[in-house]
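Taken verbatim from TrEMBL:
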- Arg69, Glu122: substrate binding site (BINDING)
- Glu122, Asp149: Mg(2+) binding site (BINDING)
- 8-217: domain 'HpcH/HpaI aldolase/citrate lyase' (DOMAIN)
Amino acid sequence: MKTPGIMRSLLYVPGQNEKLVGKAVAGSADVIVLDLEDAVPAATKPQARQALAMHCQQIRQAGKDAAVRVNAPNDLLALDLPAVIGAGANLVVLPKVESALQVQTLASALDETDIGIIGLIESPAGLLNAAEIAAAHPRLLALSVGTEDLSFDMEMTPCWDSLLVPSMQVNIACKAAGIAVLGYVGSIAEFRDIAAFEASVSRSLPLGFSGGFAIHPAQVEVLNRVFSPGEEEVVLARRIVEAFAQASRDAVGAIAVDGKMIDLPVARRAEKLLARLALVAARENKQ
């Protein structure tokens, strides 16, 4: 299975809307998610499936990864998967995941492909099974909380206070399983007040999220900026890595940089930030 590039921003686009897909391809999202689920009425789902191959080709030619959000009900999923596989999508976004078996069943159907899976936890049942889901199959690359559906099921307003606990529950499950956690503690529907959206994303960054979903191009710009290493972070990370390498050569276990103790975990975090910077550069050089 091929590993996709960095996923700072994943932009949902209705799979049947050629005009919006074209705009998304011309934009800066790392991943374009062709939606066969909520954004597509039942009557136009066949049209959206038929358009997948053309749209996936456009997306890949633009240096982006092509994802498809499929439908959760088995009867619709059975219709979606042949189109997804035939289109050569990079990723499948599986909604409403509540058990490891759902992931394993999808992974089995994708067995002869290079397609990765991103799962959406959107219900209390999914939250309770997050650890088992995150470890369900090597083809599962990431999980994310579906904030709107979860908030509805939990009878709560989607905001920082209500979403922090479920977001961290999924985060911990992902970290334990060694996969990525996508998202932010806030509502994806917040696209008109971009300042509020950016505040939620920025506040979520230190919690360990690596990227997030968007429904509007303005959100993409925020996600790309927040989930990319900043200049000051990069400068400090390089100093830490260089200083710690010298300390290792000198058989010194811990050092100080700018008055702060630097030991192995801090040095490894700096190395990881620089590796992420390289992934950002690779993505942007392709687009």
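Keep in mind that glycine also has a Cβ here, set from the backbone N, Cα and C atoms.
Classification of Glu122 (substrate binding site) by DSSP places it in coil, neither helical nor stranded. Among the listed binding-site residues, namely Glu122, Asp149, the Cβ with the most fellow Cβ atoms inside 10 Å is that of Glu122. Mean pLDDT for the domain 'HpcH/HpaI aldolase/citrate lyase' (8-217) in this predicted model: 97.
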